[in-house]
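Student: Annotated disulfide bond per TrEMBL: B:Cys72-B:Cys76, in sequence order. Taken from TrEMBL, the feature Cu cation binding site covers B:Cys72, B:Cys76, B:His160.
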Amino acid sequence: MLQFKIVGVVFLLVLSTVLTAQNTQSVAIKKGAYVPLYGTTDKKPVEVKAFNMDVFPITNAQFVVFLKKYPQYSRSNIKGLFAEKSYLSQWKSDYDYGTTNLSNAPVTNVSWFVAKKYCECQGKRLPSMDEWEYVAMADEKRIDARTKEEFNKYILSWYEKPKTYTNPVGKTFKNYWGVYDMHGLVWEWTSDFNSIFLSGESRKDKDTDKNLFCGSGSINASDLMNYAAFMRYGFRASLKANYATKNLGFRCAKDLK
Amino acid sequence: MKKLIIGMILLFSTLQSCNTKVDAQVSSKSKNISELSIYNLPSKWTNQNGQNIEMMDLKGKVLVMVMIYTSCKSACPRLVADMRNIESRLSENIKGKVKLVLVSIDPEVDTPERLKAFSIENKMETDQWIFLRSTEENTREFAAVLAVNYKKISPLDFSHSNIISVFNAEGELAYQQEGLGVNSDETIQKITEEAVKLN
């Protein structure tokens, strides 16, 4: 019986280390509905089920641990189908992010394929675009701060700041859900980034687009909001799954059990 | 006691499952697969006859691929017509080297039975034609490789890119035709080029 207990305790200890070693802290996001700024023709609210979201983007240090465990995704082993040449190009070598990159800075220059794999190997997944946008519309106090001028100004001023991707995670604001860095640090992969139609027909859905380009004199909060979202969706639409760029990182999400 | 240990081992092995898939793939068939080949994807598919296949089973053929869904009323019939047009213009001496593959972006609705019915309706019954479906996740990943975007816009409808892709015998992307009802001359030329190499 004692033996049984010891084995059990040891097992639990080992298990908890295995589970927490690489697992970033995550928080529960309550279910809700929101109207995406792009992608729906009817402007009906989209349901988002309750799920868990990582509090921070994945860091360089966490990514090294992953690569050592799964060397097939290292810089010299990765296949071209899964990541282009710029994959982790800012690192010193396969398993060394060097001295110019902070250990707790978000890992960037990572392709969608590898980001997806990373999350799967933690028993997680990439958040969907709707989940990501749903969490990202919160400021410190509100679930949906998208119409607030200050909030939009903050986002847009980040878009103008160079090289924020070299900053450590967790230094931007903590939002309503307890999640950091949705704005102000890096762009992030979503599981269904390739579900955007900005060119062609769907462009017409958004009558406000012309205001963005025709230099109308009256820029109001809703213009700022649309502009910020337009940047985000436009950026995603320009991506391919093997792209690796220096301002693009990721975080993981998980279904609620 | 034994049961407990076995349980632990099982639990650990499921925790490692993200890796096993890849290992199996690396060890078995992938030795001669080039870097940019779609055969690096280990995903499993079901065809219109209900048979399970791996993408890898198509290695050695020139593939003409398109992503559609069978309940589609607008763009897909024209994409399907484009595919049929391409097939009809292939010269007899290369037909045996080419497969035309239609991949469903709506795996929930497009069961093998439904794909079979669709193939009959559209007179795509020879073994030249392959209809495939997989899980939603594999489909999303495959679309990512083809640079095909799609999105469910209502319970029955999807927006999707209209792209026909040509893959060589190694599974490397050789050509993409974009748009509906476009001139397929270049596509056919590319298919022929790749197929002739196999003679």
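Backbone N, Cα and C define each Cβ position, glycine as well.
Automatic prediction, not curation, is the source of TrEMBL annotations.
Please situate the listed features within the shown structure.
Tutor: Around the Cβ of B:Cys76 (disulfide bond), a 10 Å sphere holds 22 further Cβ atoms from the protein chains shown.
Secondary structure at B:Cys72 (disulfide bond), as computed by DSSP, is coil. Cβ-based neighbour count (10 Å, all protein chains) for B:Cys72 (disulfide bond) stands at 18.
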Student: Report the same-chain neighbours of B:His160 (Cu cation binding site): residues 6+ apart in sequence with Cβ closer than 8 Å to its Cβ, ordered by sequence.
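Tutor: For B:His160 (Cu cation binding site), the qualifying residues are B:Met67, B:Ile68, B:Tyr69, B:Ala75, B:Ile105, B:Val148, B:Asn149, B:Tyr150, B:Lys151.
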Student: Under a three-state reduction of DSSP output, how is B:His160 (Cu cation binding site) classified: helix, strand, or coil?
Tutor: strand
Student: With an 8 Å cut-off on Cβ distance to the B:Cys72, B:Cys76, B:His160 Cβ center, who else from the chain surrounds the Cu cation site?
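Tutor: These residues sit around the Cu cation site: B:Met67, B:Ile68, B:Tyr69, B:Ser74, B:Ala75, B:Leu79, B:Ile105, B:Phe158.
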